[in-house]
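**Q** I have a structure I would like to understand better, so I am pasting it below and will then ask my questions one at a time.
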Amino acid sequence: MAFNHRKMLLSCLQFKDLRFCFRQYPPPPPPPPPPRELSLLLPTSICVVGSIILFLFLVFFLYLHITQQRRISAASVTPGDTNQQEDEDETEERDFSDFHHVWQIPTVGLHRSAINSITVVGFKKGEGIIDGTECSVCLNEFEEDESLRLLPKCSHAFHLNCIDTWLLSHKNCPLCRAPVLLITEPPHQETETNHQPDSESSNDLRGRQDSSRSRRNHNIFLPRAQSDLANYCGSGRVENVRRSFSIGGSLSLCDGINNATRSGRQFYTSFSANLFSSSRRVRNEQPIPQNQMPSVTGNTS
């Protein structure tokens, strides 16, 4: 029910003391408090903190499990396996240490005396002795009357400092890669040529020994086949043997074959005689059966 504020004010103004109005009409109630947000914040914070603690526990247990497995595997490894692993590691380190880049590989060049023996000429533009007007090592142009070193084979010219530094680690021209000095033949070739007749004589001696061994082998095998060849050789017709044997060698070969044939015939004759005598002896030693024995009763009667 709505109140008429004017009437209330007028009725209060009639009294001198204004507290009477407040006693009769109390003040309005205070506004309601705001809704409690702490009721939702507390459970969420508890869940977040609990999940973080649980995650840390899982990580800690996983770390303990991994370290325990590593200890077990290390204890189960034999000393031989550990030594093999150490050897493999050392081999890998050695291979890696042996690896060098191209510019770190040491190369062998010419001696200082050989470098100084190369011709030094003065540069003059109109002469035409030197091809080009610049050094291929430092790429600087030649100056008039400048001392240059002229390589003997390819006739390329370079500055003295440039080519001397190059030739200390190389043996060829930096421009065309031609060898700077001629390669002389080693002196041991002369000794090889001197010993060559000795080697040829030793080879001849070896050939003779091999031929004598082959003759001995021919004396043992196939006497009947060799007899045909011996008859052919004994007929007086000796043909030239190609390449390896001379006429004297063929005659000696025929003589050897004849001797082998004679020995083969003697062996065959003695063998057949021994075989015949042994078979005859066996027949004499065999007992005679009773049915084949001659009867003596007829003669006694």
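Cβ atoms here come from the backbone N, Cα and C positions, even for glycine.
Sharing the feature lines straight out of Swiss-Prot:
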{"type": "TRANSMEM", "residues": "46-66", "note": "transmembrane segment"}
{"type": "ZN_FING", "residues": "135-177", "note": "zinc finger"}
{"type": "REGION", "residues": "188-220", "note": "region 'Disordered'"}
{"type": "REGION", "residues": "280-301", "note": "region 'Disordered'"}
{"type": "COMPBIAS", "residues": "287-301", "note": "compositional bias 'Polar residues'"}
**Q** Looking only at the zinc finger (135-177), how are its residues distributed among DSSP helix, strand and coil?
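**A** Breakdown, helix to coil: 8 helix, 9 strand, 26 coil.
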**Q** How does the model score the zinc finger (135-177) in terms of mean pLDDT?
**A** 86
